[in-house]
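What Swiss-Prot annotates here:
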type     : residues                                                        : note
BINDING  : D47, A48, T49, Y50, D51, S96, L97, E130, R153, E190, K306, K330 : NAD(+) binding site
ACT_SITE : K132                                                            : active site, N6-AMP-lysine intermediate
BINDING  : C435, C438, C453, C459                                          : Zn(2+) binding site
DOMAIN   : 638-716                                                         : domain 'BRCT'
Amino acid sequence: MAAKSKTPPPVDSLTRSQARVEHKRLALEIETHNERYYQQDAPTVSDATYDALQRRLEAIEARFPDLVTASSPTQTVGAAPARGFAKVQHAVPMLSLGNAFSDAEVAEFVERIRRFLKLGADDMPAIVAEPKIDGLSLSLRYENGDLVRAATRGDGFTGEDVTANVRTIADVPHKLNGHNIPTACELRGEVYMLKEDFLALNKKQQEAGDTVFANPRNSAAGSLRQKDVSITASRPLKFFAYAWGEMTDRPAETQNDMLEWLRDVGFIVNPLIQLCHSVDEVLAFYRRIGEQRATLGYDIDGVVYKVDRLDWQERLGFVSRSPRWAIAHKFAAEQAMTILRGIDIQVGRTGAMTPVARLEPVTVGGVVVQNATLHNEDYIRGLGNDGQPIRDGIDLRIGDTVVVQRAGDVIPQVVSVIIEKRPANAKRYEFPDRCPICGSHAVREEGEAVRRCTGALICPAQAVERLKHFVSRLAFDIDGLGEKQIQEFYDDGLVMHPVDIFTLQERDARAENKLRDRDGYGDVSVRNLFAAIDARRRIELNRLIFALGIRHVGEGNAKLLARHYGSIESFRSAMTEAAAAQTEAGNDSEAYADLTNIGGIGDIVADAVVEFFAEPRNVKALNDLLEEIEVLPVAQARSDSAVAGKTVVFTGSLEKFTRDEAKASAERVGAKTSSSVSKKTDLVVAGPGAGSKLKDAEKFGVKVISEDEWLKLIEG
């Protein structure tokens, strides 16, 4: 570690805020040195330097005792860095909000509340209005005032445990201050990044040759989910608190007073929040925030309105996955004019060639936009997907003045051309008939708007994206082998095909330059990587089929194919037969007919699967892979179970299953699952926090059972 030229200020001169920031920095620095010393046997500082860091941390904690935590280096030694995220069930689901896009919809939201609560025509419920931060939702659990767990929102019911990472965020108190602290509580808010910090981070990433982030929200989310906690600590993350979940003793009776309480216990609450007493006040706040939007230091994508009285919130309850007592008033899509400087082609995992506009940089909604999607070649020509004219049939040309639109998280897009400003030298764009990456022919299938590269596995663009898909969560899901590592290994020629992942350890043993000698690696991380790869040498058939990256074959279709064929041998044999017959005699083979007769698999999916197996290089890649892995046959669903053939809906927070595991348990006993309750539903399995689906079950006369009853039913 390079010596710092500037002497830090004396501890006695630090303010509490300065001390808190330095305390976190010192704790992370010491933990990093502990890891290098205790885990890697590779210290990078002298004992004297390490002792000086430790003494300064102790001095800060002596002056500010409330900064001491159980995880402080003064209390423990050498905690290992996070290597993955455990699942966390939210005690109270983190639901989404309904949206309003007009003043009339906001007025109707207030009117619905008034009707539901049976208020008089002149009675206006007080409404708390607050900016809608464009970040990552986070739930913080405190017990006896101490932060014990932090979790991302996830699917609303199950999130990722990011406690170690969150402890590095200066805005998140490790201990709640003051009085009136509940025994247990879940406090919630948004992790975000300031615009100026985002730009500085991207500049640093670019200079280091690392991936840059698309926007502040993505950078905040990516920074929080780092497996190396020191990376999170190095990122300038912020946190606004604005809500809560489970709480043993609620300290206030209104939304506004709860926000004040959050401030009192140590959180930063957005200062722009306002209590409104009329629809006019609410809409005036919305317009004022909209006018300030570009000057704020952080991204917002609307305004959130919440009923102030908490007892009214409880009476109003929830509908579907959102509360009746709150709504998000989204900003209208924002537009700006700029110059179209060029058009590039991006090649995706399936070979889809997508045109991207390169624009003169322009600020749209407070965000600098330099690129925008152009969808496909018809869009450039002024035609929609139905072949009908769009933009009055005006094509896009290099040099045109165009209108760019950005709406929320949607990728910026070119929506119109200012034809009056078209220069005489504006250049027509000719869509390429060859892949710009590998030079293979690009073809456009009948009825499709997309042109695709036919290079398959020989196209570097597709190869990298296919490999990233291969290791994705629903496919092989190899811990420690994510998109960054795949790109790095591909660039260095270590992993060019799926099978290379499973021969990596063998080749590394023979290599002169070992993986452990690379930047960011070491003996421990390499051992863990190889162990994670070995753990995936046995995989379910549906995961393998999904991992192949066949067009139109997502998670659901992969399961349908796996259930039908049962084993990789049957699947491979049938598809090879269908592919051979397609070459010789069209699509009249018995194997093809069997494929199209699978419920849910139509001609489009069937053709895509057969086309995959008709490419010899794809078959070779699969055969090579099967030499290294074992594909588990599909367990046949029980036909003798009490729920065989029944339709089951799971709702609420499940304690013994994740949602995916619950669905799998139903499928194993021959049941079907659905996401909604209807007349066709046979059974609802309800956990804590179940909402409207229980009412629907009562409405349709559907039997409701608990999770424990479900377990007894399927195990019987």
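Cβ coordinates come from backbone N, Cα and C, glycine included.
Just so it is clear, the model here is predicted, and its values are computed rather than measured.
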Checklist entry - What is the Cβ neighbour count of C435 (Zn(2+) binding site) at a 10 Å cut-off, with all protein chains included? => result 24
Checklist entry - In whole Å, how far is the residue listed as 'active site, N6-AMP-lysine intermediate' from R153 (NAD(+) binding site) when you measure between their Cα atoms? => result 16
Checklist outcome for this item: By a three-class reduction of DSSP, L97 (NAD(+) binding site) is assigned coil
Next on the checklist: Tell me the Cα distance separating C435 (Zn(2+) binding site) from K306 (NAD(+) binding site), rounded to the nearest angstrom.
Outcome noted: 51
Item to check | Rounded to the nearest Å - Cα separation of the residue listed as 'active site, N6-AMP-lysine intermediate' and L97 (NAD(+) binding site) | outcome: 11
Checklist entry - When you tally the Cβ atoms that lie within 10 Å of each candidate's Cβ, which of the binding-site residues (L97, C438, C453, C459) has the highest tally? => result C453
Checklist outcome for this item: In the three-state DSSP scheme, K306 (NAD(+) binding site) belongs to strand
Item to check | C435 (Zn(2+) binding site) and L97 (NAD(+) binding site), Cα-Cα, nearest whole angstrom | outcome: 43
Next on the checklist: Across the domain 'BRCT' (638-716), what are the DSSP residue counts per state (helix, strand, coil)?
Outcome noted: 28 helix, 15 strand, 36 coil
